[in-house]
Amino acid sequence: MPGEKMASKLLMLFVPLAAFLFQRLFQPSLQFGDHRETVYNHVPGTCRPVEGVVHGSEDIVRTRDGLAFISTGLIASPVFNPDPWYLQRKGKILLFNLKNPEDGVRELKIEPREKYEDLQPHGLGLYENQAGEIRLFVVNHLKDGERVEIFRYVRPEGKLKLIRSVQDPLLYSVNDVVAMGTDAFFATNDHYCRAPWAKKLERFLGPAWSNVVYYNGSVASVAADGFSVANSVVTPPSGEVVYVSDSLQQDVKVFRPRPDHSLELQSVIHLFTGVDNLNICPDTGDLWVAAHPSVTDIFKHIQDRRHLAPSQVLRIQDPAGASPEVTELYANDGRQLNGSSAAVVYNRRLLIGTVHDTLLYCDVTVPL
Amino acid sequence: MAAKLLLALVAVLSAVIVNHIAKIISAAGVLKHVYNHVPGTCRLVPGVEQGSEDIALTSSGLAFISSGLLPPGFILDPVYYTFEQKMLVFDFKNPAEGAKEIKIVLASGEDFMPHGLSVYEDDSGEVRLFVVNHGKGHRDSVEIFRFDAASNSLHHLKSVKHPLLYSLNDVVATGPETFYATNDKYTTGLYSRMAETWLLLPWSNVVYYSDGEAAIVADGLMYANGINISPDGRFVYVANPTTGVVIVYHRQDDNTLTFSHDITLHTGVDNIYVDATTGDLWVGAHQKPIQFSVHMQNASYPCGSQVLRIQDPATENPRVTEMYSDDGQAGLWGSSAACYLNKQLLIGTVNHRLMHCTVDVPL
């Protein structure tokens, strides 16, 4: 009899505890801080989808004079069972001139041909110098390993010529890249693990093993770590501050680079949403942030493209200062735009990219 | 045996309590994060600092605004007791002139604390204003005024009192002397009203008044707050801030209401304005009602404001757009009403300021 009493007492304790742990681990919306129910639609002006973009526009970067480079055809993350529609995609780089939005997008030729065939583009970085040279840094997910491809943009023909294809043991789960020179860059490794099942576990258990690395032209080193999912990295032209978004910690961290290019944490901007890619306005230093209000829904959207995933674009003024000001420029429950992942603004024109949906162009008529 | 029964009882009770707490957390907006955005250029209307709880618009673009409300059922910061109760008017055709006080011609000795408003205009050209009035000692009534534009004054026509008009919040006129009104709570005491809120007691209702008679036409509501009617008079809209829903009712020929559907908004919806041309609803709301409660107790505690617009509210697929959202940093605390006309938006608050915005986004 005493044994039974003991057993039933343990059960009474164990059952609610197990229920709690089960909920915590497998109720991702709670863990990820999803807030789909309170995503209210609004636009900053007239918005319309850009024709011809159907396989996503995961990252966007723009030159000082409004030339936007867009990565499309992102390979569906093997962590999920992706919707078969995504298998039809082809990795490309598109060009959109924010000075002439009516021209829409056009595909950029890539040389050499083999590089074009293999391209699985993800994050982008841009190098622009006073002489007018433009280099595009592209995160490329090749089967035999991650690369950061450095292209030179050849203006008249509208093509990208490969200059270097960077490989390094410390580039193993690359998401985004920011150019720090003709051959140098910071890059984010969004996970530590490489196997799809391990990445899933990494997200649930949250060991915070994601990091940012610096490549100096010949070798990479870890610049900062302790991120849950370091997604995007950007700097202003001066390079005196480095911003890194963390999708799971729902924030943007502000760093000061040391002489050895390691990063010292200065401040954290909490955004309470699944932050994706960052962009900086070169004139004002404002941050343009695209986010997923519901990380669970963008995951489901990857498995079934009919499943709606909300979108959000935030603007942060004075991001490196004491009181950054956050404004929501765009929000949608998924009916107009699914899974926003990048945003750029040029001259009251907003371009919003998505992981696997289309590309949205908006005229901004609200005060900026 | 008895121990097992007790255990079962405890399990059931804890499930009920946890469920109740979850509902409260959701209703109070505790876990919500508020983002800021505006539809155009916004500025606070000077001189309005003691509330602008409800706004009612005439066909000539004149907005009546109730000010100085001490909302029943809240623990209030003493500073609110210094507020002056008045009626203001804002002309959408001359927004630069701001809000002016209207002279009220009332029988002497009458207490006046205006709350919900409704404009009634008919072919005679007369503009009537129905005002929910909280008389001292919990005596609620609906006052009917005639607006005299020439002298900018409201002339009192009638004071409607009835036993079924006991905890009034808002009113919507359906005829020169007929209206629907909401009773937002059942009891009138401060603590009993708070208990009704926290215990989520569905004791709120909607009443129809006509010719000395009143009847309850919708019952068992959690918190019937703002009320309004579609331009064709066929649908009645009731805002329920506790459930975060606008309830849509069919209005029958005998003025009774039958439930049509809910528009779920997950926010503390307060008053509803209906655009006469499009039938769109413009709703003033409290994103985090818990913050609003704290603001009632502490006048310097900021709280957010939100305006939602609902197109096709009477259909199965209403479209919701957020026209304004602020976490308090813009200096407009506790939005309760929104009024739209000609690319201008007027946002009223329970006991704070009044904001005017241009609407520069497509509608």
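From the backbone N, Cα and C atoms, a Cβ is placed for every residue, glycine too.
TrEMBL entries are annotated by machine, without manual review.
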Checklist entry - Where TrEMBL shows B:Asp54, B:Asn169 binding Ca(2+) 2, which of B:Leu5, B:Leu6, B:Leu106, B:Leu117 is named for the same site? => result B:Leu117
Checklist entry - Which of B:Asn94, B:Asn225, B:Asn317 shares the Ca(2+) 1 site with B:Glu53, B:Asp170, B:Asp270, B:Asn271 per TrEMBL? => result B:Asn225
Checklist outcome for this item: Excluding B:Asp54, B:Leu117, B:Asn169 themselves, the Ca(2+) 2 site's Cβ centre has within 8 Å the residues B:Glu53, B:Ala56, B:Ser66, B:Pro114, B:His115, B:Gly116, B:Ser118, B:Val131, B:Val132, B:Asp170, B:Val171, B:Gly226, B:Asn271, B:Ala337
Checklist outcome for this item: Counting only residues at least 6 beyond its ends, the same-chain positions whose CB falls under 8 A of a CB in the signal peptide (B:1-27) are 198, 200, 241-244, 266, 268, 289
Checklist outcome for this item: Going by C-beta under 8 A and a gap of 6 or more residues, the same-chain neighbours of B:Asn169 (Ca(2+) 2 binding site) are B:His115, B:Gly116, B:Val132, B:Ala181, B:Thr182, B:Asn183, B:Asp184, B:Ala224, B:Asn225, B:Gly226, B:Ile227
Item to check | Nearest-integer angstrom distance between the alpha carbons (Cα) of B:Asp54 (Ca(2+) 2 binding site) and B:Asn271 (Ca(2+) 1 binding site) | outcome: 7
Checklist entry - Here are the recorded positions: B:Cys42, B:Leu117, B:Cys357. Which has the lowest count of other Cβ atoms within 10 Å? => result B:Cys42
Next on the checklist: Radius 10 Å, atoms counted are CB only; among the binding-site residues B:Asn225, B:Asn271, which position scores highest?
Outcome noted: B:Asn271
Checklist entry - Apart from B:Glu53, B:Asp170, B:Asn225, B:Asp270, B:Asn271, which residues in this chain have a Cβ no more than 8 Å from the mean position of the Cβ atoms of those residues at the Ca(2+) 1 site? => result B:Asp54, B:His115, B:Gly116, B:Asn169, B:Gly226, B:Ala239, B:Ile272, B:Gly284, B:Ser336, B:Ala337
